[in-house]
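What Swiss-Prot annotates here:
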type	residues	note
BINDING	CYS42, CYS43, CYS107, CYS136	[4Fe-4S] cluster binding site
Amino acid sequence: MAQHEVNYLKSGGLPVVLTTVDHLVNWGRSNSLWALTYGLACCAIEMMASGAGRYDFDRFGTIFRASPRQADVMIVAGTLTKKHAEFIRRLYDQMSEPKWVISMGSCANTGGMFNTYATVQGCDRIIPVDVYLPGCAPRPETLQYAVMVLQQKIRREKASRKLPPKRLV
């Protein structure tokens, strides 16, 4: 049986489902992503458009949340300054495990065209990133694709993999 295959057997006339706990847990996690939006610049406009009726993020099971305690995906969209770095780290730490991060746009990925002393050259220097979304500014369809890539990544991992990292003091 493949890792994510569900088999249906006939047992006395009743269907029986054979699968793994990892498959069931990851299926639930991947189809109910609650996103904490952290929009900082132009990419935030495209991120907001993805939640509107035309693109309808809800059909992927993605719901935008305003609180990090209710979210399991953080979408960082736009230029990250050094003043925001501590704040974004605090928001990330407040999210419960398992948690994932999507870096949206060239500015969030690499600092974009703003190579200054006040700009963080990629949000992966502050928080771990799972999916990088290139472009300036990426279209809502691209953000939907990034969510689907994240869903595939979640379905492949072990349900017990996401343990809190050891903190270095």
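Every residue, even glycine, has its Cβ placed from backbone N, Cα and C.
Non-local contacts of CYS136 ([4Fe-4S] cluster binding site) by the CB criterion (under 8 A, 6+ apart in sequence, same chain) comprise CYS42, GLY105, SER106, CYS107, GLY112. Take the binding-site residues CYS42, CYS43, CYS107: by the count of other Cβ atoms within 10 Å of each Cβ, the lowest one is CYS42. Sequence-ordered, the extra residues of this chain that approach the [4Fe-4S] cluster site, with Cβ no more than 8 Å from the Cβ center of CYS42, CYS43, CYS107, CYS136, are ALA41, ALA77, GLY78, THR79, MET104, GLY105, SER106, ALA108, GLY112, GLY135, ALA137, PRO138. Under the DSSP three-state reduction, CYS136 ([4Fe-4S] cluster binding site) is assigned to coil, being neither helix nor strand.
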